[in-house]
There are 2 protein chains.
Amino acid sequence: MITKEKVLEALSNVEEPDLGKDLVTLNMVKDIEIEGNKVKFTVVLTTPACPLKELIRNACIHAIHHLVSKEAEVEVKMTANVSTGRKDGNSLLPNVKNIIMVASGKGGVGKSTVAANLALALAQDGAKVGLMDADIYGPSVPIMFGLRGQRPMMVNVDGKGKIAPMEKYGIQVMSIGLLIDEKQAVVWRGPMASSALKQFVSDVHWGDLDYLVIDMPPGTGDVHITLVQSVPVTGAVIVTTPQDVALADAKKGIAMFSSPQIRVPILGLVENMAYFTPAELPENKYYIFGKEGGKRLAEELEIPFLGQIPLVQSIREGGDEGVPAITGKDPVTQQAFSDFAGNTARSIAMRNANIAPTKIVEIVE
Amino acid sequence: MITKEKVLEALSNVEEPDLGKDLVTLNMVKDIEIEGNKVKFTVVLTTPACPLKELIRNACIHAIHHLVSKEAEVEVKMTANVSTGRKDGNSLLPNVKNIIMVASGKGGVGKSTVAANLALALAQDGAKVGLMDADIYGPSVPIMFGLRGQRPMMVNVDGKGKIAPMEKYGIQVMSIGLLIDEKQAVVWRGPMASSALKQFVSDVHWGDLDYLVIDMPPGTGDVHITLVQSVPVTGAVIVTTPQDVALADAKKGIAMFSSPQIRVPILGLVENMAYFTPAELPENKYYIFGKEGGKRLAEELEIPFLGQIPLVQSIREGGDEGVPAITGKDPVTQQAFSDFAGNTARSIAMRNANIAPTKIVEIVE
């Protein structure tokens, strides 16, 4: 006879490969129901974007057949409860489980496109996601999401007036570009920019989120230090192209995040513009900026490599705008962003399982 | 009867379009020979790379037929004596007629490729050309010209030991990368880099050159100021890509060269990576970084637009190196660089005809 105990014992042989422990120890098995030889249970993953979902499901079914009963009809429901490394009780962004900085050492590598698509891809898998465009020197979310010229609404939160993020394509978005005058921002330097960003973080009411993706300004500087001193950052995703100059700057960016004053975990590196593919000829790959430079850098620095995003363009689209489609009409790009988001979610889950809780960086100026 | 006087009178109706004066006033007509109805003469252009060569030749033949004799058999020999704006008597680079800085506001835009191909294209037209790689933070000539690890020879010049440039592909080349330790250079800052560059300029014996193309470090800074204080620079060519971030930095670079402390004439702007073309499908143009951003910037700033260089790559070549072919196997690239070099030579000739002689920038620190 099949029993709950036997099922649990069998499932204690199934490992969550990333976390290196079995599903029972990790408390990921819920709602076991047994009716004759029908076995039903739920596996609660640490992220809905988990690329190992099917692998884990199959391992569960295999374990039941092998260790409990060959005749068992197994039904596994996969859900997710996004893990968090936060235990800070910080009043800023209290209901955000994971705060992810998307950064690049250098401008022009497509950081904003990567940040926006990371947010969208995580949401497609069912997570609650926000995108915060903090690129004070060149906010791009207003253009990318068609929000230019719109003014955000105010909401009353505990008696205080806060700014409500906008909803677009299934995620919450807010850009500093919607709150400040673009022409003014470009002349801001260190302290001015930092205080504007600080206010931006505290004035927007994000609500409940599994992931808040923050599109940082390129480079390394005051603004980055301000942010890690204001909110507990889960980790940073570094965007680079395979070009030598971009890699050199990515290295500097990684060094900054790892420095004792900042100490933000590196979730990994993603290689953007990894190769060019004409939309009409997806089998043709042109490594116009060199091949796999980002992958090699990740290996050299022993940080996770989160994926390669190709440059896909059609002659028909090649117009004046230069704004890459974020809605993912192209299947090659869509797959690349989906893989990248899955790997990032995995890296976050591992980070939350293995590293000490996220803390605000203390000011040691 | 055809006479020398009649020929000269006819040719005084032919204008050099760029310089806005006629060939006789400009003293460009030499060696007139007349034998019956055979007329032979030489037009001495200000640059062998003059793209107006055929236009001027045809205008000369037309003028003789129209104003002297319909029956005349006209033979026009086109030669060039590269003009110079130098009257400085400076002891550094005394026999170099034109010193051209190739600069970019931003790294990664292909400045070194553009500089190398400009030098090669000018030489293909018959000029004596040198290429000086002064990119102290990332010298690329050693790799591009296959000179890595080679040590330059010393020559005795007026009792002093000087470094002899190397000859490759018909031009003289020297790179600071052949003289300094790459690993050392990256940590040099302002004063160190400037003094290394100063020494580099004075220690290399360039000999007679029509054009010396200098591949500058990217950005704007001390090294640029040092150079314009050491040698009289004819003008600067600014390299950009059509990307917004690159254009913004190109603008900064142009502002620096135009600033009162530097005051180097801008010869023009060239748009690199203007579009991507698969070598197998040269009719397909993909504007991956936006269309004609460089052209628009040149128009906005009212500086000459020197051309568009496409990104051409073949799947077969798309290997690990990422080093663009400078030897010009691809006809599309070759034509683009040739047009660009012609436009640059024109801009230099106009600059020499119209602007005050090049001077060393005085130190006003």
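Any Cβ shown, glycine's included, is placed from N, Cα and C.
Caution: TrEMBL annotation is automatic and unverified by curators.
Positions annotated as ATP binding site by TrEMBL: A:Gly105, A:Lys106, A:Gly107, A:Gly108, A:Val109, A:Gly110, A:Lys111, A:Ser112. Taking the Cβ of A:Val109 (ATP binding site) as centre and 10 Å as the limit, one finds 28 other Cβ atoms among all the protein chains shown. When secondary structure is read from DSSP and collapsed to three states, A:Val109 (ATP binding site) falls in the coil class.
Under the heading domain 'MIP18 family-like', TrEMBL lists A:4-76. For the domain 'MIP18 family-like' (A:4-76), the mean pLDDT of the prediction comes to 93.
Most other Cβ atoms within 10 A: among the binding-site residues A:Gly105, A:Gly110, that distinction falls to A:Gly105. Proximity to chain B, defined as a CB-CB distance below 8 A, holds for A:Lys106 out of the binding-site residues A:Gly105, A:Lys106, A:Val109, A:Lys111, A:Ser112. Remark: A:Gly108 (ATP binding site) has A:Pro218 as non-local neighbours, by Cβ distance under 8 Å and separation of at least 6 in sequence.
Fewest Cβ neighbours within 10 Å among the binding-site residues A:Lys106, A:Lys111: this applies to A:Lys106. Listed in sequence order, the residues of the same chain lying 6 or more apart from A:Gly107 (ATP binding site) and placing their CB within less than 8 Å of its CB are A:Gly138, A:Pro218, A:Gly219.
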